[in-house]
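Step one of this worksheet: look at the structure below.
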Amino acid sequence: MKKIGILTSGGDCSGMNAAIRSATRTALGHGVQVVGFRKGYAGLLKGDLLEMTTRDVAGILHRGGTFLQSARSEEFRTVLGREKAVRHLQDLGVEGLVVIGGDGSLNGALALHRMGVPVMGIPASIDNDIAFTDMALGVDTALNNIIYAVDCIKDTASSHDRAFVIEVMGRNSGYLASMSAIATGAEYAIIPEVECDIADLCNQLRQRYEEGRSNAIIILAEGAGRAQNIADNIKDAIGFETRVTVLGHYQRGGAPSVFDRLLGSRFGHAAVEQLLAGEKGKMVGLCCGEICCTALETVVVSEKTQQDQLHDLSMILGI
Ligand code: F6P
């Protein structure tokens, strides 16, 4: 292989830059040229790219987001769009592609693989909803962001005898909510994977209020409902005054944690080594601390299943 491409696609996350830098430097170290496509598949379709040298990826490791930028491309979802992408890769002489992104992006990578493009995927999504990796890139940084915010909110909640419903991201996954509930000692986590019993929630909060506790924190995964609706449903039954905080995109940014810097560096290196060794149509992942590699067609049809266990733990510890 003489030239490879790299792109970041879908929702950005911290650690993507570490993966880009590592993949680029690994390839260059093998004498392989690297092009970076801007704004994910959209850049691939437009031919919006940059030739990457080792200096281009200097000074990005500690920065959140992705310096290649990211996007969700409607055109790439179409057969015509994908055929165009394959043609562009051929015209550019790009013989392999590293796709850094979440489940939609990995589905796109699988489509390209099926059209004959050697592709390696790197799981990157704060939702941590991608199977065959214990952690996706960006999850650890997002959790650190969330717990910082929740700790701050607890301070003001306790000054005012208030209950807060704090909405976190995660799309259909409750991972961020369950883990942040455990890590902040929240009273309750509401996640899409487990039906929420509002009466039970109100009883627990009411009891807490009557015991004279100074605050209550409920972490709500966005896929399980809207924070304002939950707050409206419980406010008359729990004693505490209620307030709502939606953490939003704050969760996705910021300097990557050590964990995400190391994970991105390991993933980027492994993806390129695998590609150059002739592997294709696979995703690198983290399995029990080691780098693993799984066929994309297996990854995209598999569900990550640990959320309800984490939820149970968060409920036990929050009481
Ligand atoms: O998939 C990552 C994610 O941050 C989800 O948690 C969230 O629902 C979504 O992306 C937000 O997407 P956008 O940045 O397009 O608003």
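Glycine residues also receive a Cβ, built from the backbone N, Cα and C atoms like all the rest.
Residues ARG21, SER22, ALA23, THR24, ARG25, GLY185, ALA186, GLU187 are given by TrEMBL as ADP binders; from LYS2, LYS46, LYS154, that same site also lists LYS154.
Record check, TrEMBL: ATP site residues include ARG72, SER73, GLY102, ASP103, GLY104, SER105, and the candidate from GLY11, GLY15, GLY29, GLY31 also listed there is GLY11. Put simply, of the binding-site residues ALA23, ARG25, SER125, the one whose Cα is nearest the Cα of GLY104 (ATP binding site) is SER125.
Within 10 Å (C-alpha to C-alpha) of GLY102 (ATP binding site) lies none of the binding-site residues ALA23, ARG171, GLU187. Excluding the listed site residues GLY11, ARG72, SER73, GLY102, ASP103, GLY104, SER105, the same chain places SER9, GLY10, GLY40, GLY101, GLY108, SER125 with Cβ atoms within 8 Å of the centre of the ATP site Cβ atoms. Least crowded of the binding-site residues (ASP103, ASP127), judged by neighbouring Cβ atoms within 10 Å of its own Cβ: ASP103.
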